[in-house]
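Working notes, beginning with the structure itself.
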Ligand SMILES: Cc1ncc(COP(=O)(O)O)c(C=O)c1O
Ligand SMILES: Cc1ncc(COP(=O)(O)O)c(C=O)c1O
C-alpha cells in the first residue's frame, strides 16, 4: 500500500501542522497551571483567553459563554443532563430526533431511565426534521429541544434557524450538537437562537480530547463535572492548556478559510457523487442532496455489506466508514439509516466518504475506479445479488 | 527574574521531554480514529493498548481494568457518582474524609443534594484518618468508602492498606483518589484491596487533559459520559490518542524511577524542612512528618497571609502555592488546614512547596534564604505580629 | 482487527461461486442482521466432491465461509459433520469476539446444505438437525 | 493577575509602619477572613499630616492600604472622607473582581481611624459612621 487516501474526516481529522505549532510551547515550556498565582502561570492563562476568544468569535458568542470540555461527547452529556436536572421543576420532557449521535441518544436513554420523557422526532427520507412535527410535539413540560446541526453519517444539515425560532417562540431551551458542523458551515448562536452548542476539536483539524460547550448567558446550567473552580466554577479539572490552545487555533483557521474551503469541497463532493452515480448501479444517495455538509458523501450499495466494502477499500489504501452494524459489533445497522426509512439489508450496505480540504480530484477518481471494481467483486460473491439477478430474468 | 524555581509540582508538573517525544507521532502523523476498521487506525489502537498495559502494570492491575478519562476530576466524579447510582438499592451512605480534594468533596456535596448521606471523617492533627472511627462509621447502607491516597496540600499519606482491609471485611467498595500518589509512591490495587482508583497524567510529568480510572473487574460501574462504544462501552468519546500515549509513557517512567527518585526527594524534602525550621520561627509543619509524599513541604507562617507570601516568592522567581483563601477568591482558607485543627488566621498563612526530581539543593538554599527575608518583611507589615510582639513584652 | 489468515481468505476466497447441479444447497442468516451465507454441495458417493459458497456479510463472514468450505471439501459427509465453528476459527488463527457468530453461521450453512441433500436423497445424517428458518438472532455481545 | 500599579504598591508599600503618637488608629477586618488593616493618622488642625498602615492580607490588601493612605495624606478630614474605595481602585488601575473587597476594607480602615480620632477629640465628622466591630462578612463572589 503506497499512498493513503483518507476519506473519513467525519470520524476524525488530521491535526493541522500550524495548530500543532501553536500548541507545542504549552507542553514542556509553559506548563504552569493557569489557576496559579505566580507569573509563569499567566502564560497559560493568556493562551486560554486567546483561545476562548477565537472560539467565541467563530460562533458569534461572548467570551464568557464558552466553556472548554473534553470533547463533543462531554459537551452533549453536560448540556442535556444539566438542563434535565436544572429545569426538572418545569418539566421532564425533552425533544430530540431519531438521528442524533449516540452522545445525545444514549444520554437521552439514560434520562428516560431516570423518569424523563423523550420525544424522538422522525426525519424524512433525506434526514430532515419536520418543523411542524417539532412544534406539535412541544408540551407545557418540555424543557429542552436538542437537535443536531448536521448529521455525522448522512451529512444532512437541519433547519437550525427555524428550529431556534420555534424554541424561542415557546420559550424552550435549544441545544444543538454542532460537532460535525462547527468550522465547516457558518454558525451564529444569536441569529440562530441557539442556547447551548456542543463542538469537538478533532473534527476541525484540531486536537483530540478537547471540545467546548457554548452556554448562553442566561441559561442556568450546573456543573456536570464537580471539583475545582476552573471555567468560572462550572467545569472542574486542571485545564488542558495545549488542547485549549489547539482548539482555539483550529477554530480560527477553520473559520478564516471556511468560505473558500466549503466552495471547493462542495465542488469535489458533487463531483464524487456524480462519478459514483455514473459508474455504479443499484445505489442510493443517503442524506439531502444539497442541504448537506460540504464534505459528506454517503451511498448505499445494494446487495453488499459495508464492512467488507471498507476492508476492500482499505486494501487499496482508502479509509472510509460505514453505517453497517458489523463495524461496531452490534446487530442493527445505523439508526440513522433506519430512521430515513432504509430496510435493514440496504442499510447494511452503506459507505460514507468524508473529504478534507486537501482531498484531490485524482484521489477521488482513484476511489471511484476502485469502488466500481470492489462493488462488482462483492456482488459476484453475494447470494442477494444472485437472487436479484435471477428474479430479473 | 532570571531563573524560575518551580516548587508547585503538586499543582502540575512539567511534561517530560521523553513523554512528549512518544506523543508526537500521534498528533499529525498517526491521527486515525482507533475505533475505525481500516488499517491505519491500528497504529492508534496499538498505541492505546501499550499505554493501557503500562498503566495497568504501574498499579498491579489487569489491562481490562483501566479506563482512560479526561483527568483526575472526571475519574473521581465517575467513581463516586457511578457507585452511588449503581448501588442505590443497597443504600445511600458514603464515607469519605474532610480533607479530600474538591473533586471528591463537591461530588459528595452534589450527592447530598440528591438525598445521599455522606460521613466526612475527621483526621488528626497530621491529617491521618482514624481506622477505628472509619470502622465505626460503617453502616448497613454504606455503599462506598472514598479516601484519598495522599493529600494534595499537606502531603500526608493515608493508611490505604488498612482502609482497604476494613472495606473488604465489610464488603464495601473502596475508591481512592490517588492523583497525588500515583507515580510517586508504590501502589498495588490487589495488595491494598482498592476497587476504584483515580489518577491524572499531568501530576506525574505526563500531559494535561488525560487520566484514568481503575475499575476492579467485578465492580458494576455504569457509564458517566454516555455516547459511543469507546473504552469497552464504559466511557464514550473519541479517544485522546496522544494524551493516552503520554499517560502511558509517564506512568512507565515514573514507576521505573520511583524508588530512586523517592529516595532523593525525601532527602531533599527533609533538608528543606530542616532549613526552614532552623531559619524561621513561629511556624508549624503541616502534615505528617514522615508519612508524607516524598516531594511535599507545607508550613504555616504565623502572622502573615499566604497570597502575599506567594507573590513575594514569585518576585524572586519561586513558584509555590498556599491554602490561603485569597488565592482562590473565597473566604475560608483551605478546608484541609481547618480539618487538621488550625485556627483560621494561622491557616491563612500556609505555604506549600512541592519538589520535582530535578530540584537542586542550591535551589532549596536560595528558597530558604528568600523565604526568611520575605517572612521578616511581611511580619514587619503585619498588625497581628505587632500585637503579638507587644503582648510578649 | 483480523488475522492474516482471515484477510487472506477475504481477499482470495476459496470456493466462491455456484454449483449448477448441486446435490444440496443451504442458505442461512438474514439480510436484516447483515449476514447471509449460501453453500452449494456436490456429493458423490458419500464424499463432498465439490463445494461452493456465496456470502453477503462482513470480512469475517466471507473468510469463515471460505475456510469452512475448504475444510469440508473432499471429506465424507460424516467427516464434514465433525467440522465445527471452532475448527473454522482455529484454522483462521482466531476471530475477534464480536465476530464469533460468523463462524457459527458458516457451520450452519454447511449443515443446511447437508440437510437439503439429505432431504432430496431421503437419507438421514447422524446428528444433523433441520436448520432454523432464520438464525439471525445471534447474541449481541456483552453490553454493560 | 494584578496591575503594575498594584504590584508596585505591594513591592514598595507607601506609608507602611506605625505612628507612635497617632491622633487616631483604626483596625478593620479579621484574621478569620485573612485581611486585617490598621491605619494610624496624625491630624493637625484639620489636616492629615501623616498616615501609616499595617496590613495582614493578600497582595491587594497591602496595595489598597498603601494607595488609600497615599490618597488621604495631606488632605483635610473632609477631603479624606471623600476618598472612596472606587478612587483607590482607580488609582491602582483596577483590581480583579474577587479583590474588590480589599478596597472596601481600605476605605473602612481610614474611616475607622477617623472615627477613633473623632471620638478622642469629641468631634463629629460629616457622614462618618461607627465602624462595624467585624466587617469580615464581605460577600463571597458569585457561585453558580
Ligand atoms: C454529531 C456528533 N456528535 C458528537 C460526537 C462526539 O464527539 P467526540 O467523539 O469528540 O466526543 C461526534 C463524533 O464522534 C459527532 O459526529
Ligand atoms: C488529590 C487530587 N485529586 C484530584 C485532583 C484533580 O485532578 P485534575 O485537575 O487533573 O482533574 C487533584 C489535582 O488537581 C488532586 O490533587
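Just so you know, glycine gets a Cβ as well, placed from its N, Cα and C.
Look at TrEMBL and you will find B:326 tagged as active site, cysteine persulfide intermediate. Feature annotation from TrEMBL assigns pyridoxal 5'-phosphate binding site to B:72, B:73, B:152, B:180, B:200, B:201, B:202, B:238. Feature annotation from TrEMBL assigns [2Fe-2S] cluster binding site to B:326. Annotation source TrEMBL lists domain 'Aminotransferase class V' at B:5-365. Marked as N6-(pyridoxal phosphate)lysine by TrEMBL: B:203.
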Sparsest-packed among the binding-site residues, when each Cβ's other Cβ atoms within 10 Å are tallied, from B:72, B:201: B:72
Max CA-CA distance, Å, over listed pyridoxal 5'-phosphate-binding residues B:72, B:73, B:152, B:180, B:200, B:201, B:202, B:238: 30
Mapped DSSP class for residue B:180 (pyridoxal 5'-phosphate binding site), helix or strand or coil: coil
Residue B:152 (pyridoxal 5'-phosphate binding site) - helix vs strand vs coil (DSSP): coil
Contacting recorded positions for ligand 1, chosen from B:72, B:152, B:180, B:200, B:201, B:203 when the Cβ sits under 6 angstroms of any of its atoms: none
Residue B:73 (pyridoxal 5'-phosphate binding site), number of other Cβ atoms within 10 Å: 29
Mean of pLDDT values spanning the domain 'Aminotransferase class V' (B:5-365): 96
Rounded inter-Cα distance in Å - residue B:152 (pyridoxal 5'-phosphate binding site), the residue listed as 'N6-(pyridoxal phosphate)lysine': 11
For the binding-site residues B:152, B:180, B:200, B:238, the one whose C-beta sees the most other C-beta atoms within 10 angstroms: B:200
Chain A, Cβ under 8 Å: which of the binding-site residues B:152, B:180, B:201, B:202, B:238 qualify: B:202, B:238
Entries of B:73, B:152, B:180, B:201, B:238 (binding-site residues) sitting next to ligand 2, with Cβ under 6 Å as the cut-off: B:73, B:152, B:180
Residue B:180 (pyridoxal 5'-phosphate binding site) and residue B:203 (N6-(pyridoxal phosphate)lysine), distance between Cα atoms, whole Å: 7
Cβ neighbours of the residue listed as 'N6-(pyridoxal phosphate)lysine' where a neighbour is any other Cβ within 10 Å: 28
Chain-internal residues, separated by at least six, CB under 8 A from residue B:202 (pyridoxal 5'-phosphate binding site): B:12, B:13, B:15, B:71, B:208, B:209, B:210
Residue B:73 (pyridoxal 5'-phosphate binding site) - helix vs strand vs coil (DSSP): helix
